[in-house]
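*Asks:* First, the structure itself, so that you have it in front of you.
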Amino acid sequence: MLKGRNLIDPMDFTLEELEEIFKLADQIISNPEDFTHICQGKLLATLFYEPSTRTRFSFEAAMIRLGGQVIGFSEPNSSSVSKGESVADTIRTVGCYADIVAMRHPKEGAPKVAAINSPIPVINAGDGGHQHPTQTLTDLLTIKSIKGRLSNLKIGLCGDLKFGRTVHSLIKAISRYQNNKFVLIAPKELKVPEYIIKELNKNNIEYKEVEKLEDVIGDLDILYMTRVQKERFFNEEDYIRLKDSYILDEAKMSIASEDMIVLHPLPRVNEIAYEVDDDPRACYFKQAKYGMYVRMALIAKLLGVR
Ligand code: CP
């Protein structure tokens, strides 16, 4: 039963519950006209303490396409946050007006604090360098729809694996499906955090850590590129040194298999050359669209209207 639940961590839902969401997303994709009024009279609040294009707009588009309405802020200084109001008090107040909340916050754990204090369901729309569970729903639906499966995949994750919260959430979530293997491609300064490696070891998940994309791209079913997260660096010099560690271009794509797909949570900076966009294996804008459909399904399930 998903009605009334929060989504803070990608592991909050069982595989069966995830399947329910994907099934509903598929129904919405096939027959969107059947869902245009199911959230009539419901209100989504989007509380974004950090910038966003895809997550905020796809949440808002999702709610509007379901017949509901949206309130919120994308600039916390336009709210009483600028006067020092806490996350707990903000959520208690917003919970008096809205039916469901999507919150992005630069501090790890802030959406969890919100959920503890909230009278309405809270969805973590990204907390610092920690987790981004609705991006993971997006990634899983994209992979399932395009590759036809969520198991038996060799998944390369490339770029900023230290600060990239989408990577942390995806590894946790897709490790639960059978026989997936990871190739973690990062410079040594941006390797996956130790707590994720410990989880992989504990669960006997096969992985290897490498530095060169060219050495492994030919073996992958999925290449998940990520941006170097400038906003999480303490030191500008380190960012400048590391920001162009990987640039996926036509030459590297020519080594990859014909059915490898390229995903990226976006935004991209330099890590995928624009020339790759026309390659049929480049699926990152399709992925952004799946993000709206999966958020439609998630909202409907948490509100209990489906
Ligand atoms: N993928 C993602 O979270 O993008 P935004 O930062 O634009 O929301």
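Every residue, even glycine, has its Cβ placed from backbone N, Cα and C.
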*Asks:* Name the residue, out of Arg104, Arg149, Arg232, Arg241, that TrEMBL lists for the same carbamoyl phosphate site as Arg54, Thr55, His132, Gln135, Leu266, Pro267, please.
*Replies:* Arg104
*Asks:* Looking only at C-alpha atoms, tell me how far Gln135 (carbamoyl phosphate binding site) is from Arg165 (L-aspartate binding site), rounded to the nearest Å.
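*Replies:* Checking the Cα atoms of Gln135 (carbamoyl phosphate binding site) and Arg165 (L-aspartate binding site) gives a distance of 9 Å.
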*Asks:* What other residues of this chain sit with their CB within 8 A of the center of the CB atoms of Arg54, Thr55, Arg104, His132, Gln135, Leu266, Pro267, the recorded carbamoyl phosphate site?
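*Replies:* Sorted by sequence, the hits are Ser52, Thr53, Ala125, Gly126, Thr166, Pro265, Gly291.
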*Asks:* Of the binding-site residues Arg54, Arg104, Arg227, which ones put their CB under 6 Å from ligand 1?
*Replies:* Arg54
*Asks:* Sort Pro267 (carbamoyl phosphate binding site) into helix, strand or coil using the DSSP assignment.
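*Replies:* SS state of Pro267 (carbamoyl phosphate binding site) = coil.
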*Asks:* Among the binding-site residues Lys83, Arg165, Arg227, which ones place their C-alpha within 10 angstroms of the C-alpha of Pro267 (carbamoyl phosphate binding site)?
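*Replies:* Neighbours among binding-site residues, in sequence order: Arg227.
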